[in-house]
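Taken verbatim from TrEMBL:
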COMPBIAS  1-16  compositional bias 'Basic and acidic residues'
COMPBIAS  35-47  compositional bias 'Polar residues'
DOMAIN    37-105  domain 'Ig-like'
REGION    1-47  region 'Disordered'
REGION    206-250  region 'Disordered'
Amino acid sequence: MVEERAQGEYGDRGRMGTEGGECGQGESRGAQEVPQPSLSLHPSQGVSLGDTVTLRCHLPRMAAWVQLWFNGTLRFDKEKDKEQDAAEFSFAVTNLEDAGTYQCRYQVSEPLWTSNQSDPVELLVTGEVLRPSLSLHPSQGVSLGDTVTLRCHLPQPAAWVRLYRYQNPAYIEQKDNVQDMAEFSLAGIKQVDAVRYQCQYQGLEPAEASEKSDPVELLVTGEGTGERHPPGYADAHPPPALSVPTPVAK
């Protein structure tokens, strides 16, 4: 059974509704008794206009209803089979306003409890804006404990610029309102920092996100040995995954 309604099609059905106003305001009935769901985005990287995306709400227990929230506003409401452990919401990205933060929550019927919202995930819509480039200073291998600077060079002014570890969706740092270059400094370099990095930006007009830059690799020498890891070492020995910071809505 799948019954899905877009925002504004709910009526007086006595289920989750929108108690507490916007998503995250107030506490749902019995929220402390029901485990929090998690939300994943597929594809996980930025999408282009016209692409179809799927947001999957992973449920820690059987649920009767699941909601998808967008930038703090209810967007979709779905009834689901109780034996399922996830609810999917798929839609075509038709305009830049589809970019932003999404969360989900669910309700169980016996007893009548509603969970808190999931941690947010961010949907980025990429367009025709030019890619940035990333440079490393110093450009050669550095020693443990040194400070390095990564410069993201922009083809146009940006609303924000982000620094990433290669193939890690969690950004390390964000700079806002940048003209032509953003600098990111990494102090006290450790061996775990010997990875590849990329940067990305969102333009001002149009408000589209760029593709990520080509990666650059930071080589870290051993203490007193002068030895460097060979190319590709960083990708074969990735660092622990970073936690995803709270995203900034467009």
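Note: Cβ is positioned from N, Cα and C throughout, glycine not excepted.
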Mean of pLDDT values spanning the domain 'Ig-like' (37-105): 89
Counts of helix, strand and coil residues, the compositional bias 'Polar residues' (35-47), according to DSSP: 0 helix, 6 strand, 7 coil
